[in-house]
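Reading through the structure tokens given below for one structure.
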């Protein structure tokens, strides 16, 4: 009998076409990924555009140095660098491309971005019935690039976008949602893993000079705006004047090949930039080295997309000049100078930005774009009809479908620093703790930071497999916190070596994510506002009853921090002038009566006096007396324990009455392990002691399992969902 063999699946023929140094930096990671799977893909490389021009560095050589076989080199640029030359270049490319595409016969063509060369590629492929995957569609930058980018998107059959906003734009442009992949920017895969090379200092020296130090130089890269050439040349000249006056070492790259570039080069040469002692003018820097230069620069200036995209991943300060990128999403590291009549405004921007560092931003990617794109390519069904379909649903339906997708995938990394345990969680937009990690909280600062980073990196790695896209990191910690700067000002006595600690900077730098920090009481209030009983309530107070007593105040839907970030220290409301000593050094605070430590203190006192244990209770010699023993004793009828709990509940109730009279909330939420034991006495005290107008205030016990983790996550999720793109 003849043996039947299963037919072997044919490899997917993928053609990658690159037109210039900028798009190659985005396409190269995908090309390496395709090349690493020869059993699945057959890679063809086509090079055209400014890659092949000496004035722009003959950058096709870097493709050959990366060990890619270039199947075709097409000289498609008509020199002139004006509007007519750009149109003629598109026409020349359309004349030459059909023969190449017919010979290669790819299953799919990868086209990047918004260049006029890319428009020629997409037009030729669409007319020749070749499937097109467009990278970085749906974005908005504010120039003619928008029109070209959207035109390519309409010709393309599939899309790999960098941001949620870009995905929404394509959906609103009637593109099929099922053919849009939210991948992130491929260049982030390389720059997030490679920008901390050990030899970055050598790279700085080789390009800028031996005496130049990290963060003490500027990278300048300005391109012409083809819809407003005259004004873009004026701003370029003012930028050069400002840089000369600012008197810092500057690496300046030549502009791209767009109309107006010749005039810009003339301005540069007229000002003697190439001979100036502070400037190093170059045509091209290899991307892996350019990453190092941008990452460690004191500032980047110009209108390159690198400034608003890649630079944000390093926290490098950026000055964006003119209108070329003003429509793009940016991190807080970008300062816009949209117009200027003199160089003074640009000089002032340099004074404001130079030498600063900002939280790392990952708006454009998390380092896993290539992995997603390769999987997406494998799902393409070549037997499906080639003719693309446009979706024309009502706008509401479109948004609803998109929101469901967000709720399933968008997530936050949440860190909770307790007195005993350090916890990290992956929290979804719906408030589900997808995965949680718990370790004992180390005693020293160095060990604690190291453990936080280790746990966060593990969570980020797991998030990829759990289909969770991490938007940022939220940190909940005990003590007084400055959330604006991400600094723990004063910690509780339970967390050692944790005062005057900048926690945002090391986390943001190592994880390449924006970081938010607040104290655990405020985080509990934020958790209730987003996921708990406080949802939709304009004014409420959350009281945490645990090892200590803390809380948070929401007024007019906003969290109250106070002038010195000391608001809502509810545990230190004084309810007795003669009360027991508190950990803060005062006497008679709520925390001295009602906290877990206070109950533990009273339990030990009763036990030492042989007044704690009653029938039905046992306690071995090794077991430490704690608040739970006191609560169990009271439940079993121990009158002494009942008196202690009644006093604790009364003290908490009196403190809450003071809160009601001060800020008049409509709801009080009791949170923490002791909350259920205090609910009844608190209601009784309010009924007895509060003003008549405040006696109707609702008191509820939180039903959130992890308020600290959820609150820390809500700082991330609230910011990202409220972002205006």
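Every residue gets a Cβ built from N, Cα and C, even glycine.
Here TrEMBL flags 40-377 as domain 'UDP-N-acetylglucosamine 2-epimerase'.
Its Cβ taken as reference, residue 520 (active site) is surrounded by 27 other Cβ atoms within 10 Å in the chains shown. Here TrEMBL flags 520 as active site.
What TrEMBL lists as Zn(2+) binding site is 572, 582, 584, 589. There are 29 other Cβ atoms within 10 Å of the Cβ belonging to residue 589 (Zn(2+) binding site).
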Inter-residue Cα distance where the pair is residue 520 (active site) and residue 582 (Zn(2+) binding site), in Å: 19
Largest tally of Cβ atoms lying within 10 Å of a Cβ, found at which of the binding-site residues 582, 584: 582
Cα distance (Å, whole number) from residue 520 (active site) to residue 572 (Zn(2+) binding site): 15
Rounded Cα-Cα span from residue 520 (active site) to residue 589 (Zn(2+) binding site), Å: 19
Environment of 572, 582, 584, 589, the listed Zn(2+) site - residues of the same chain whose CB lies within 8 A of the CB centroid: 571, 574, 583, 585, 586, 590, 591, 592
Euclidean distance between Cα atoms of residue 584 (Zn(2+) binding site) and residue 520 (active site), Å: 17
